[in-house]
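Colleague: Got these off TrEMBL a minute ago, pasting:
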- Cys224, Cys227, Cys239: [2Fe-2S] cluster binding site (BINDING)
- 1-97: domain 'FAD-binding FR-type' (DOMAIN)
Amino acid sequence: MPNTIVKKKGLIPGRVSEMIISAPEIATKARPGNFVVLRLSPQGERIPLTIADTDPQAGTITIVYMVLGKTTAMLEKLVQGDDILDVCGPLGKPTRLDKVGTVICVGGGTGIAAMHHIAKGHHRVGNRVVAIIGARSKDLLLFEKELASFCDEVLVATDDGSYGHKGFVTEVLAKRLAQDAHVGEVVGVGPVPMMRAVAETTRPFKVRTIVSLNPIMVDGIGMCGACRVTVGGKTRFACVDGPEFDAHSVDFDELMRRLGSFREQEQASYNTYCECHG
Ligand SMILES: Cc1cc2nc3c(=O)[nH]c(=O)nc-3n(C[C@H](O)[C@H](O)[C@H](O)COP(=O)(O)OP(=O)(O)OC[C@H]3O[C@@H](n4cnc5c(N)ncnc54)[C@H](O)[C@@H]3O)c2cc1C
Ligand code: FES
């Protein structure tokens, strides 16, 4: 069955888009925390994207992606009605959804869309969900309305102060943790420096903290080793052992180093693609 793009919406024009894709089996099986691996052409690379939402009745999944390099630029060229060659999933371990009382879900950039599905899961099991979302400025903020439809509170931080707290999400998080001794869990999804900062903010409060890691992935099923991360001194494959891990045990330095391993090749590949396709 073809994976047709049922709907496409530019969230930040030319930079971040949302796609609703026909994928009935994935929509039925996917749980918060799962991701898919897409391939756009027979020789193309495989890229992992988080399942931001599902509609099992309609047989669709939602993805939200930022245009960063060649494959996401190719994806951005597709329009409603086009087919995606392969959509493989649901992959990864689903989020552990324990009833813990209050859960604070922190999201930054496109990580907000990924966090949205996790936050929804916590809401469904009866947790009180506080979302803290951040962006550089108000126009770059994603999913505020969607989160507000089920979260108990949505707190916003922007770097330039154009909306909500002026500063980082972690400042809002620290203030909240100092005021509320009953937070059972914190979840952080976003750029690696943000997830590391979330881990350092919650560490003194001794709150269980989960981050969703985004190392380079190839097969997404535990065979190639590309997504190797170190957690608590042990090697883990993020695609099958994660992508969610205990934030206080992650080796973020190694993750940053490994994410940057192919930057030159990625840039060259993107430049060639842009020269050929405008
Ligand atoms: C489990 C998981 C979930 C993700 N969910 C999302 C999401 O919901 N939305 C979103 O915008 N991005 C998500 N990403 C990141 C996304 O996969 C990369 O942005 C994408 O692969 C970039 O490909 P590119 O060819 O456009 O850019 P490239 O120029 O190839 O790469 C740009 C940067 O993206 C990262 N990257 C490149 N290739 C891969 C790869 N195969 N696997 C992982 N990272 C890679 C590297 O940091 C690289 O420097 C996720 C990554 C993981 C591991
Ligand atoms: S992506 Fe290959 S082992 Fe995880």
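Using the three backbone atoms N, Cα and C, a Cβ is placed for every residue, glycine included.
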Colleague: Excluding Cys224, Cys227, Cys239 themselves, which residues in that chain have a Cβ inside 8 Å of the centre of the Cβ atoms defining the [2Fe-2S] cluster site?
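Modeller: These residues sit around the [2Fe-2S] cluster site: Pro215, Met217, Val218, Asp219, Gly220, Ile221, Gly222, Met223, Gly225, Ala226, Arg228, Phe237, Ala238, Val240.
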Colleague: Per DSSP, Cys224 ([2Fe-2S] cluster binding site) is which: helix, strand or coil?
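Modeller: Coil, per DSSP.
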Colleague: Test of understanding: give the count of other CB atoms lying within 10 angstroms of the CB of Cys239 ([2Fe-2S] cluster binding site).
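Modeller: The answer is 27 other Cβ atoms.
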